[in-house]
Amino acid sequence: MQEYHIHNLDCPDCASKLERDLNELDYVKKAQINFSTSKLFLDTSDFEKVKAFIKQNEPHLSLSFKEATEKPLSFTPLIITIMVFLGAILILHLNPSPLIEKAMFFVLALVYLVSGKDVILGAFRGLRKGQFFDENALMLIATIAAFFVGAYEESVSIMVFYSAGEFLQKLAVSRSKKSLKALVDVAPNLAYLKKGDELVSVAPEDLRVNDIVVVKVGEKVPVDGVVVKGESLLDERALSGESMPVNVSENSKVLGGSLNLKAVLEIQVEKMYKDSSIAKVVDLVQQATNEKSETEKFITKFSRYYTPSVLFIALMIAVLPPLFSMGSFDEWIYRGLVALMVSCPCALVISVPLGYFGGVGAASRKGILMKGVHVLEVLTQAKSIAFDKTGTLTKGVFKVTDIVPQNGHSKEEVLHYASCSQLLSTHPIALSIQKACEEMLKDDKHQHDIKNYEEVSGMGVKAQCHTDLIIAGNEKMLDQFHIAHSPSKENGTIVHVAFNQTYVGYIVISDEIKDDAIECLRDLKVQGIENFCILSGDRKSATESIAQTLGCEYHASLLPEEKTSVFKTFKERYKAPAIFVGDGINDAPTLASADVGIGMGKGSELSKQSADIVITNDSLNSLVKVLAIAKKTKSIIWQNILFALGIKAVFIVLGLMGVASLWEAVFGDVGVTLLALANSMRAMRA
């Protein structure tokens, strides 16, 4: 579907009606409007006809491919209108002479027309299309009817305060939209393309693969690429949530959206902007807010019946009692108008999507990206969670946990020999040994003269350090060189070490459990998760050790299809939605089959594509945060629904009893909408 920006769309109910009208057109396959971001997603065979339809039915709206600069809303006209209105009322009551009454009548009529301009025009547009239940038409009918029953001061006051409420509603919506735009603004706006000795300013979208771009200090990398010249530090916080800068030099891969902190870089473009990391982050957030939750779908359908129902009730209040001699028509029409004032479903229609929008926005600022708002609803119902082990519950970073010397050698010697043999290796196991050697022995690797270095695939390394031959690897490596050695029973990866054909001992290397893993599971229990399980392709001993530490059940040595099958059984056992958290390629099928699949940001691209939620900062505590956000968002939305319906029901009853006035009924409509909007904004701070 093609994406368009809709300008001047400031009414949520109008957005729903326009979406419905567009979907009824023969030449439109699908139309979807995101009121929160003012975007139209359109699949049509005739775009010009769509434009003409919108121009005819909503002439104040316009479409464009690019977002227009938003004009700031001005309080001045509103304040002047209110001041003139209050001044006229004050003069009228202080000096109620016939001349003053006539003069103030014309002033109030002018105030009515000025403040109600949008309502009056909108009402006539709606009536022309046969939309008799349009909120503008109902407001116009209510104020005119109030005028004819002698309540012309209240008629004008309703229009003034309704318009004031609409203005404040626009302001609140505008601010919420800016919150999303603040997230989108992490994407770079410009790129400096190198053409010979010149730099040309272009949009990142216009860059092509193999182009060379120059990124100065303080600027953002426009697209994913590789450094061809220069060395610097990059801040990748916008992509991963990590605050630690990353050092890059020639041949280093860099991500679009990263901030250059230290020196000028020349980067060769590897991906088009639409395929870059930052574009995917922005797209994920926007796609999430485009989707409608089940609650929102229900409210949209409910609102279509709500307005006619309230209008019917108001009509019955106005007509039936006088027919049975229970009072005058003027009295009961006035009471019916009070009920009519609360017929607009705006508080419901706008607060639900903005509540979810706030939840998605709050999550994104914490490094949690959602692919749809439906996951917020499902998360609140989940009772079970299963984890992959390596890279999810563990750091995926190897660490020396034990050194076992043999044949009279010391731990220090075993570690020193192993480190010497692996100085030229970049394998994670080799790096963990080098790190341990630096920490324990303060060994200076630059003093070692390494010769004849050889990596034996799947087994280990062989290297000559000065005049000594060192071999480090698994049992197969030692067997190949006919070196006798002792068997090991420890859990983890074993690196055997031989020095000049003599076995000196072995090193145990284990993956570390994440620092926040235990705390995460404890906090998840507080959030209502009752059942925990580890599903791993690793061997039983390694998985069992982690499971015992965390206190949860486990299944080990699983193939990808077995992992999916075991997860399905785990989920069915507890008869409630279940979450799966993983990061590897073998996790993708299970992530896709889970009620909510959560992919860790440093995992494989396939796992992130299969997940409903991507945690960019790789922190397990983000699981706790996203559950808390989901629950708070749901709570806020249902507060809005119950509050709006409750207040409106109260005013219908008060109108029937003749207790409430039209002034007070304005609060039942506009006031409730504003309070619901303000409450929805709390989700942004979840």
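Backbone N, Cα and C atoms are what each Cβ position is placed from, and that goes for glycine too.
Topology note: ARG125 and ARG682 share a membrane side (same topological domain name in Swiss-Prot). In the three-state DSSP classification, ASP583 (Mg(2+) binding site) falls within coil. For the pair CYS14 (Cd(2+) binding site) and ASP583 (Mg(2+) binding site), the C-alpha distance works out to 42 angstrom. The most densely surrounded of the binding-site residues ASP583, ASP587 is ASP587 (count of other Cβ atoms within 10 A of its Cβ). Here the transmembrane segment (666-681) does not touch the transmembrane segment (132-151). Their Cβ atoms form fewer than 3 pairs under 8 Å, with each pair 6 or more residues apart. Per-residue pLDDT, averaged across the topological domain 'Cytoplasmic' (351-635), gives 84. Within the same chain, residues 100-101, 104, 107-108, 111, 114-115, 153, 156-157, 160, 163-164, 167, 170-171, 174 sit at least 6 positions outside the transmembrane segment (73-92) and bring their C-beta atoms closer than 8 Å to a C-beta of that stretch.
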